[in-house]
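Trainee: The signal peptide annotation in TrEMBL covers 1-23. Marked as domain 'EGF-like' by TrEMBL: 135-177, 289-330. Per TrEMBL, disulfide bond is recorded for 167-176. Residues or ranges marked as region 'Disordered' by TrEMBL: 329-353. Residues or ranges marked as compositional bias 'Pro residues' in TrEMBL: 344-353.
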């Protein structure tokens, strides 16, 4: 089969490439307008004290005060609004330059809030805070304190959304006035409700401590008037397997693997082994490797055979110049190179020991 043409491969690669970052971060019309106003306000701040050197203040105020409302200052602000590579920003400034100039020269005193005049009333791409949607309707709970101050109004400040409340952690209900089950109301009046987290031992509660639990959380049990942690590791039937040990944690437990030298264990490390695996024995209270090569009874039975200890075991190897047979290591004839035996083991390296 012939490989696909290069043009087809190129097209396939384009399909597999992730979308460009700019495409993923494209701003809504309201966000574009708000960003432009923020830069305009910053430009006003940057040019506020320009040409005032702090010398003859009376002369400066008389001679240079006109700069504050001048077209020169406006042009300086407009020139700093957009980066040269920001096409959408530059396009918006070009399209709206006359309106911005009209506000600067004629409407600024009457409408001091540029965002409200430009983005909300003139371009109609945003809404005032606390309102949402095409008609800038009031959010749930009212425009002054949307969602009772305990949540976010969907579409707040934009011409989008449905005005529903997305409650902050700990709050629930259409107006975010109520506490979820693991929180309690620490302060409540006709207009405000502050929800505070219960103690970790409580499923429901009336206060902040483990004595205020109305119902204990799973993994906790009521002892007199307090919810206390259940030690699952102390149960008559251990919750972990024979190759694991149990560690109690608040409200639960974890099963951890025993040390590799252990046959059963009560905790972490070789000192906590119940018994030792083959090739290890208890020494100073913990499982340590047995050096079979140093035992009184030889581990390697064949004549001339060398013994090498390994962790938990040992290997038997004929020395160099000796040939392996069934019951001995036999020295080869002088100058004779022994025939290679694939099954003959090689002495272990330092790294293996």
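Here, residue 1 is simply the first one shown, and the rest follow in order.
Glycine is treated like the rest: Cβ placed from N, Cα and C.
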Trainee: With helix taken as DSSP H, G or I, strand as E or B and everything else coil, how many residues of the domain 'EGF-like' (135-177) land in each class?
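Mentor: Here the numbers are 4 helix, 11 strand, 28 coil.
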Trainee: Of these disulfide-bonded residues, 167, 176, which scores lowest on Cβ atoms within 10 Å?
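Mentor: Among the disulfide-bonded residues 167, 176, the sparsest Cβ neighbourhood within 10 Å belongs to 167.
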